[in-house]
Each structure stands twice: as C-alpha cells, then as structure tokens.
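Feature annotation from TrEMBL assigns substrate binding site to T127, D201, E226, K256, D260. What TrEMBL lists as NAD(+) binding site is G292, E293, V294, G295, K296, G297, E313, N416. Residues or ranges marked as compositional bias 'Basic and acidic residues' in TrEMBL: 9-23. As annotated by TrEMBL, compositional bias 'Low complexity' applies to 36-55. Taken from TrEMBL, the feature domain 'S-adenosyl-L-homocysteine hydrolase NAD binding' applies to 261-422. Annotation source TrEMBL lists region 'Disordered' at 1-72.
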Amino acid sequence: MAHKHGHGKERIQFANTEDKQEFSKYPTKAGRRSLSRSISQSSTDSYSSAASYTDSSDDETSPRDKAQVNTQGSSDFCVKNIKQAEFGRREIEIAEQDMSALISLRKRAQGEKPLAGAKIVGCTHITAQTAVLIETLVALGAQCRWTACNIYSTQNEVAAALAETGVPVFAWKGESEDDFWWCIDRCVNREGWQANMILDDGGDLTHWVYKKYPSVFKKVRGIVEESVTGVHRLYQLSKAGKLCVPAMNVNDSVTKQKFDNLYCCRESILDGLKRTTDIMFGGKQVVVCGYGEVGKGCCTALKALGAIVCITEIDPICALQACMDGFRVVKLSEVIRQMDVVITCTGNKNVVTREQLDRMKNGCIVCNMGHSNTEIDVASLRSPELTWERVRSQVDHIIWPDGKRVVLLAEGRLLNLSCSTVPTFVLSITATTQALAVIELFNAPEGRYKQDVYLLPKKMDEYVASLHLPNFDAHLTELSDEQAKYMGLNKNGPFKPNYYRY
C-alpha cells in the first residue's frame, strides 16, 4: 500500500520500510486485514484516506468512552488514539512539502499575526493536508477547535498529531451519525470560549449552530464555506433572509474551480480507472457525458492516451467547444452499444438510465466523476433479475440474465475521491484560498460585507496563484508605469475585470 503523498523513490521506500515497522509497532489482531478494511470503509464516501493505516480492529471502545490526555496534560479533544501523534506528524510533514504556499503565507504574516484574536470553529475533512491549513491558521494567531465533516475521511493519526499540539480536535474514522453531531456539538459548545469565525465544508457546522446556538452569530464575523453543497445551503439561507452574517463562497473562486475541477480531474480520472479495472486506454471507445470543467479535464487525459472520445452535452456553447477540441458530440442512445467506457460529469440526475444500461455491451465500464451519486440510475440495477458481484473494493459486476456483465465503479459515487487520491498540490490551492478568505472576513472593516454570500476578491485569487508560482520556478513580468497607465491598471493587480472568464 503505497503512501498517499509518496512520490517516486519516497513511495517505494515507504512501502518497504515504514509499513512493516508500522504493523509491528501496533500489533493488531487482524494484522494486514485491518488495512484493507480501513480502505474499503473510507471509500464509501468522499476523500478516501487510503493512507490511514490506523484502523486498530482490536480496540472497539468508542473514543467517547476513553479518557486521554496529551503530553501537555490537556484532555480537551476526542480522537481514536493520542499515542499515534508522532506518526501523524510525519504525515503532516510530507504534506507540507507540496503545500509550500501555506508555508510561505506563514512566513510572510508571522510578524503581524493577522488572525490574532480569531476564534475559529472548523468542520472539514481531517487529513494531513487540512492539518497544514489548521496549523497555518494557528501560526497566524488564531485559536482553533476542529471537527470532521465526513464520518469516514479522518486520518486518525493526523487527528492525534493535532490534538497533541494543543488543537482541540473531535474526530475519528468511522464515526456513527450520532458521534458526528456529538463531535460538532463539543466543538461549538465550550464554556468560556466563543467562536467568532466559522470555516465549514458541506454546511453541517453552520446548520448545527443555526439550530442549537443561534446566539453564537452575534459574535461571528463571517462564515467561510468551501463545498458546492454548503454554498447552495448558504444561498438558500440568504434568499430566505435568514443569513445573519457575511459568508465567503470559496468554492467558486477561479483558482479553486480550475484546479479542483479541470486540472484535478485531468490527473485523477485515469488513476481511478486504472486502480479499479487496470484498463488499457489506447483505442477504447469512451463517452463522456457533460463538457464542463470536469468533462474537459477527463477528455484531455483520455485523448492523450489514445482513447476515442465522444461527448454528450445539452449546452450548445459547451458542445461547440467540444467540436473545436476534436470530439464528436452525440446522443448517448446513438452510441451506447459501441462504448467500452461511460463517464458522467454533468451534476444532473438519471444521465445514464436503466434502458441504456440494458443496451450496453458486455464488459462496459460505467463510472461517475460528477459531484453526487445521482447521475447513474444505480437504484434501477437493484432488481431481482440482475446479479451483483463484488469483485474488489469499489468494483461491482452487474450480471444480466443472458450473462452480459457491466462493470460499475464506486456504486456510481465520485470516482476520484472513492477510488484514488487527490494530489496534495490541488488541495494546497483550496486551503490557501480558505486561509485568505478567513483573514479577509476577520479583518474587514465594519460594513464592507453585508449579510450576504460573497466571492473572494479577485486580488485574493491572484495572490493565491502567485504563492504557488515558486513551485514551478515561474517568473512574472512586471508592467512598466507607462503600460499600466495605457491599460488603466494598477501595477499590482487586479489584472482582469470581474466579468473576465479565465
């Protein structure tokens, strides 16, 4: 099991040495079995922390029932096992190497501590990458209390490392629904501590505060939300006139959109398909449903490996773009019989129907790269005449009465998060954007932001991008005074009007 962020040589060495030590260090009854179990569990939903080897099967007591203290004598946290902190620290250090933007943000702002006095309550995935974000916020002067936005995605050893450094973390991998809300409650409801900033992923924390502790919003200066779902919930609150503090929509900032959707999918679509099916792409007939940012990323990668790609699209503009990029635009029903692979990324529902699944050829692979698991009509496949066969983690063969098989990946859930990993560099972009949004809202003068949902100022987007340029040894050209005047721009940006599409 190679390590999540291993690159090249590091990865091999990790697999050979660290792994063995790891399993002898925590003798688990199940030994290697516990590793495969933790993977299949985590991948039932979002970020699969395939690198989390800490599902110690012999310890079935709930973390809620254990009394643990860190080396500073604090017990204001609840994690699986505080003793794994040192191991989690190594994970965080590996993630830091690919998140240099956050590290340079720490260096630049260390002196002025722009978050001094900020009390942030956060609810995100708890992985090595988000740990780098949390520790950056702390380095900039904030006090943080943190919980997980997903019951499976927590890396236990990383949660332990954070708790060890004094960040109150309430999260472990494989929480129950009840544990999930209990953790959020412990995070918000602390005597003598009142949050003044909320950092959320998915909107659950914001929802809980609205439901249980509406008085908290008197002190809160703003909410920062990073996911599509959470942003949607904020816009609904705003429409209903119930949003009582400013909120920052990080999800739709240019850098996050491009990286999370276009570049990330360009890298992870092949990864997810290869890990699950070991498919060879050259000469395969592939149909990609939807040619938005995600579709564009998937098509670029598939085309480069010699797959024959066609597109389905409802929007004439995206369809024309696909034609100009050299892809045939078709209706799914016209080509479904010939296809080897079907990939959905529309964000819509019932894009692949039972009737189309019935017409697929034997061995066709069906998967989804869109946000939710509604795109493929999976429910229609759970009917008595079809046989489901679990082939390996996240791979099901669905067998028709005549013996035809269709290969369904991750039960129609998000392929790249369920079956592979997301590059740390991509998460670095998102995390840097979140950090800047927190700084912006926390320090904004009274009245700059009303009780509404805002996009990050373009200046901030440009700053996020500039922090990532040193990774590539890229050198920006500077405008001369004369040029700046001619273009009507400030030399330091922003360089584009708000309506500009990148």
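Note that Cβ sites are derived from N, Cα and C of the backbone, with glycine treated the same way.
The Cβ of T127 (substrate binding site) has 29 neighbouring Cβ atoms from other residues within 10 Å, across all protein chains displayed.
Residues G292, E293, V294, G295, K296, G297, E313, N416, recorded as contacting NAD(+), have a largest CA-CA distance of 22 Å.
Among the residues the record lists as binding substrate, namely T127, D201, E226, K256, D260, the two farthest apart have Cα atoms separated by 18 Å. Of all the binding-site residues given, namely T127, D201, E226, K256, none has its Cα within 10 Å of the Cα of E293 (NAD(+) binding site).
If you take the C-beta of D201 (substrate binding site) and look for same-chain residues 6 or more apart in sequence within under 8 angstroms, you find C123, T124, H125, C149, E225, E226, S227, G230. Considering other CB atoms within 10 Å as the measure, the emptiest surroundings among the binding-site residues G292, G297 are those of G292. If you check the binding-site residues T127, K256, D260 against V294 (NAD(+) binding site), the ones with a Cα inside 10 Å of its Cα are D260. Cβ neighbours within 10 Å of N416 (NAD(+) binding site), excluding its own Cβ and spanning all shown chains: 25. K296 (NAD(+) binding site) sits 28 Å from T127 (substrate binding site), taking the CA atoms of both as reference points.
For G295 (NAD(+) binding site), the Cβ neighbour count at a 10 Å cut-off comes to 29, with all displayed protein chains included. In sequence order, V426, I429, T430 are the residues near D260 (substrate binding site), counting only same-chain partners six or more apart with C-beta under 8 A. In this structure, of the binding-site residues E226, E293, E313, the smallest number of CB atoms within 10 A of the CB marks E293. Listed in sequence order, E226, V250, I429, T430, T433 are the same-chain residues six or more apart from K256 (substrate binding site) with CB atoms under 8 A from its CB. Within 10 Å of the C-beta of V294 (NAD(+) binding site) we count 26 further C-beta atoms, all protein chains included.
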